[in-house]
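For reference, the structure is listed below as structure tokens.
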Amino acid sequence: MPSVWSTQQWTSALSEWRAPLFNATMIALLSVTAALALSLFTLEAQARSSVSTARIATFLYLPLLVPQVVFISGIAVLAERALLPPSLTLVAAGHFLFVLPYVYLTLQGGYARFDTRWLMLARTLGASNTVCFWRIRLPLLSTQLVTAVMLGLAISLSLYLPTQILGAGRIPTLTTEAIALVSSGNRSTIGTWALLQSALPTLCFMLALVLPRLIWSRRKGML
């Protein structure tokens, strides 16, 4: 046990975490929003045309199959040749490539188990495909949507290499700051930033468990 209890480390950390937290949150929101939109578009197109998902899944999972250092280095070279400077948007694009497979995989299970008789019933009542998507499919997939969003946020908040390489070390986040402080040797500072860095992903996973139960608290058999 420590001989002296003090909030000095927390006070110091909390005075420096605003910019890293803002950057991490914006990058996560941008990447997850893009991944969610593309995943829904792809899955809905597949559902309407009955196209096989095997070939599409191969491209989506490519960032997970190739070593991260090699993949991100290639993206950085392409960005440099395209004269794209290191920026928050470029980092978000890099995060998008790693968030997309998990968001897609989470939603794919919901689409595979979806009872299409609800859509058939709605169409017999004159509903269009767009109405069926917004008024029937999405509400019934709300559990998978919440899980996909929270999982994507947690993954983006934890990514280090895409942030460091594509941002050229100029876009600080909670993860990059926490890892940079490891070399300081100050265990109090390291522990404080490690707790801050792990708090947001933990919160996302907790919300992924709690929110679906709150949404369907008055419905049975929806979880």
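Each Cβ is built from the backbone N, Cα and C atoms, and glycine gets one as well.
Because TrEMBL annotations are produced automatically, they should be read as predictions rather than curated entries.
Feature annotation from TrEMBL assigns domain 'ABC transmembrane type-1' to 21-215.
Sequence-remote contacts of a segment are chain residues at least 6 beyond its ends whose Cβ falls under 8 Å from one of its Cβ atoms, and for the transmembrane segment (20-43) they are 56, 88-89, 91-93, 95-96, 99-100, 103-104, 107-108, 111, 145, 148-149, 152-153, 156-157, 163, 171-177, 200. The feature transmembrane segment is assigned by TrEMBL to 20-43 (among others).
The feature transmembrane segment is assigned by TrEMBL to 55-76 (among others).
Same-chain residues lying 6+ beyond the ends of the transmembrane segment (88-107) with a Cβ under 8 Å from its Cβ atoms: 23, 26-28, 30-32, 34-36, 38-40, 42-43, 57, 60-61, 63-64, 68, 71-72, 75, 79, 141, 144-145, 147-149, 151-152, 155-156, 159, 162-163, 165-167, 171. The feature transmembrane segment is assigned by TrEMBL to 88-107 (among others).
Residues or ranges marked as transmembrane segment in TrEMBL: 138-161 (among others).
Per TrEMBL, transmembrane segment is recorded for 193-216 (among others).
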For the transmembrane segment (55-76), find every same-chain residue at least 6 residues outside the stretch whose CB is under 8 Å from a CB in it, and list them.
42, 46, 94, 97-98, 100-101, 104, 161-162, 165-166
